[in-house]
Amino acid sequence: MAGGKIQKKRHGSGGGGGGARLQGGIPFEKSKGQHILRNPALVDSIIAKAGLKPTDTVLEIGPGTGNLTKRLLEAGVKAVVAVELDPRMVLELSRRFQGHPLSSRLKVIQGDVLKCDLPYFDICVANIPYQISSPLTFKLLSHRPIFRCAVIMFQREFAMRLVAQPGDTLYCRLSVNVQLLSRVSHLLKVGRNNFRPPPKVDSSVVRIEPRKPLPPVSFKEWDGLVRICFNRKNKTLGSLFKQKRVLELLEKNYKTMQSLQLAQESEMGEEKMSPDDVAVLANMVEDLSMEIGDEKEDDDMEMDDAADGRASFKEKIMGILQQGDFAEKRSSKLSQVDFLYLLSLFNKAGLVAISVLRIQNRAELSNLSFARCHGHLA
């Protein structure tokens, strides 16, 4: 309800329109993710697990008719800021809370949560439109100042990807990227019949706690490496990094970095992850395609060793993998600390795994190897 594209519909026409209706006769639109929580006990459970404080400003995304909003206000928080895209729902909220003794604590913002600037908040509690799950997750994680936690209802499969651990079937780039930035835990499984109208899938409530401080790593470089590794997560890294286009990409970046390093070395300090780095992921985390080409095509396209220079570069890459004992390992089994250590080895060798280079000094990133020893992401 709070994000995504609105598709105009003719509600008077037959076939698959709005489904359930509000008491005033306004139809819910599934295309906007309008599935309203109708189980009061479930709403109370979400409130209880959120750990609200009297001093909290709560961000709610997609309040709909205000069932969760009402309980948030009654929980005694300082303020509730509700972001709603649908003007009909905004009007319904105004009517519902008009004259309510706690209405002064409620602020409703009409707009697309993915496009508007979010205000300060301590905690986010929301039942969101599922089609905006990925970009919204990374928009929240890029928000500054960092909030305490978010308790959000997601489609169950998406939620299980968020919490998946190395070796799990659903472990993927999304798991690795979100868990780099936050601690994620599964709170509740929610059946589809708890909603009106019921969605086609079950849901889950997840708690997301941003890490403080963030790991000192360029997120663009991080995702470039993880993107390559998860192109075929069950292949060994040794096989993945022998692919022709992967090697061509790395060699191109390596040569570019060498030409820039001397000029930048004396000017740039340690590079740390920025909110802009994190926000980049909002538009690409679900896109498993790679700039380096189609994965099936690359399976049988290893670097031709005939050219001495290319053969030497291939040996350099294999040496890095062997140095960290990664050549025979698979991405599906690696933790965030493993990926941080692998990235530090590439950085130490002057290599970056992204196709769009940032002109900055990356020498300090070799220090990330301390994470493996000190449990930086524990």
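Note: Cβ is positioned from N, Cα and C throughout, glycine not excepted.
What TrEMBL records for this protein:
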REGION    1-24  region 'Disordered'
COMPBIAS  1-12  compositional bias 'Basic residues'
COMPBIAS  13-22  compositional bias 'Gly residues'
BINDING   His35, Leu37, Gly62, Glu84, Asp112, Asn127  S-adenosyl-L-methionine binding site
DOMAIN    42-212  domain 'Ribosomal RNA adenine methylase transferase N-terminal'
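Looking only at the domain 'Ribosomal RNA adenine methylase transferase N-terminal' (42-212), the predicted model's pLDDT averages out at 95. Within 10 Å of the C-beta of Asp112 (S-adenosyl-L-methionine binding site) we count 15 further C-beta atoms, all protein chains included. Maximum intra-site Cα distance, S-adenosyl-L-methionine binding residues His35, Leu37, Gly62, Glu84, Asp112, Asn127: 21 Å.
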